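Okay, structure first, notes after.
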Amino acid sequence: MENMRNTITNALSDFFFEYETPRQVLVRSRRVGVVCRLIQLGVLAYIIGWVFIYEKGYQSTDTAVSSVFTKMKGVGYTNESKVEKVWDVADYVFPPQGDSSFVVMTNYIITEGQSLGSPVICIFSGHMTGVCNATTNTCEVYAWCPVEDDSHIPECPPLLISAENYTLFIKNSVTFPLFGVTRSNLVEGIDAEYISNCLYHPETAPLCPIFSLGDVVKFSGFNFETIAKVGGAIGIVVDWTCNFDFDVRHCKPQYHFHGLYGNPTEMDQARASVGYNFRYARHYFEDGVQKRTLLKVFGIRIDIIVQSLGRKFDVIPTLTAIGSGVGIFGVATVVCDLVLLYVLPKREFYKNMKFKYTDHSQDQVRIVCR
Ligand SMILES: Nc1ncnc2c1ncn2[C@@H]1O[C@H](COP(=O)(O)OP(=O)(O)OP(=O)(O)O)[C@@H](O)[C@H]1O
């Protein structure tokens with residue numbers, strides 16, 4: 001009992017009144033010294049250059065919630081078979097509400113005066129009447145007639161080639177909820193007077209929110225005449241990459257243009273379905289008969305895509321980055337130890353210096369000095 005009490009007392013006094021510190025072995029070797037310092041330098045460069053400066057590991061990040069409005073302007077003119085028509089924004093934009101994704105009609109095939117009369121024989125999709133002719137091998141369908149003839153797409157030039165001069169106004173607002181910041185693409189200095197005179201250009205007017213359709217097509221790498229004839233899709237990316245360690249006034253949008261579908265090389269690969277089109281009908285009554293004008297619309301579909309990344313200094317990511325950097329410094333010690341103990345000619349000598357061997361009973365006990 002007495003022995004046990006003494007043992008516990010000794011253990012407690014050892015625990016509270018002793019301090020252990022690792023023993024260091026100082027190796028005077030140029031080779032190991034240079035290897036170790038080079039690795040440490042590499043790790044330091046990685047932490048400062050990559051983690052802190054390039055990846056900005058000292059900042060927390062957030063993406064924005066956003067809304068986009070668009071408005072097209074411009075007038076088109078056609079003169080088909082001596083029938084003159086003026087096309088304004090209410091005629092050539094689908095849908096007209098100013099969505100972030102819309103189509104600007106650049107070419108069309110029009111079928112006017114279609115009606116649903118008594119059952120007629122049409123080689124077109126319709127409702128089967130059940131009346132068939134065994135001699136001609138045809139069945140009657142109830143459909144809109146006369147049927148559309150889309151075997152020839154107007155070209156040289158496409159009917160609304162003047163769409164090249166239409167202008168697009170983009171209104172975009174973004175909010176970074178984590179940082180409580182809201183920004184609009186009508187940034188400081190973009191006032192009513194500026195908007196009424198400016199036209200976007202990547203170098204001379206990079207913040208102007210008015211874009212010429214011809215420029216949008218050109219910047220996305222398309223040929224206007226080709227895309228106008230058969231249709232295609234273009235993405236306008238509004239990029240908000242902002243560093244909120246600086247004044248929010250420096251948080252400004254950048255515009256990028258991407259051809260999404262319909263460039264000439266894609267068209268060669270996708271012969272089965274070239275371009276982009278859809279059908280649209282305008283209904284009316286004439287002498288009490290329901291009629292419609294059918295349009296097969298070829299157009300440029302524009303998708304406005306908002307991309308955002310906000311950054312701001314934060315203690316937690318900073319400490320995490322420093323902590324992981326300090327941890328990586330341990331790599332230098334491991335590599336240098338390997339060189340020292342297994343590569344150098346005097347490795348046995350260093351091994352003896354680093355490890356202390358004791359003869360305890362039969363087994364060799366190795367004491368590691370760090
Ligand atoms: N597609 C566009 N091309 C050129 N300018 C445009 C375009 N859309 C709008 N604008 C101009 O931008 C400004 C703001 O447009 P907003 O739609 O907010 O106002 P508005 O007075 O209702 O426009 P609108 O001129 O269509 O009546 C107006 O001066 C307008 O003329």
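Cβ atoms here come from the backbone N, Cα and C positions, even for glycine.
Predicted automatically and left uncurated, TrEMBL annotations should be read as such.
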For the ATP site that TrEMBL assigns to Lys71, Met72, Lys73, Asn277, Phe278, Arg279, Lys296, which of the candidates Thr138, Thr167, Thr204 is also assigned?
Thr167
Between Cys198, Cys242, which residue forms the disulfide that TrEMBL gives for Cys208?
Cys198
Using DSSP and three states only, what is Cys208 (disulfide bond)?
coil
Would you mind sorting out which recorded positions among Lys73, Cys132, Cys198, Cys208, Cys251, Asn277 put a C-beta under 6 angstroms from ligand 1?
Lys73
Using a 10 Å cut-off between Cα atoms, which of these recorded positions sit near Arg279 (ATP binding site): Cys132, Asn165, Cys198, Cys208, Cys242, Cys251?
none
Can you tell which of Met72, Cys198 has the most other C-beta atoms within 10 Å, given these are the recorded positions?
Met72
Spatial neighbour of Lys71 (ATP binding site) that is closest, considering only the disulfide-bonded residues Cys132, Cys198, Cys242 and their CA atoms:
Cys198
Those residues of the chain, 6+ apart, with a Cβ under 8 Å from that of Asn277 (ATP binding site):
Val230, Gly231, Lys296, Val297, Phe298, Gly299
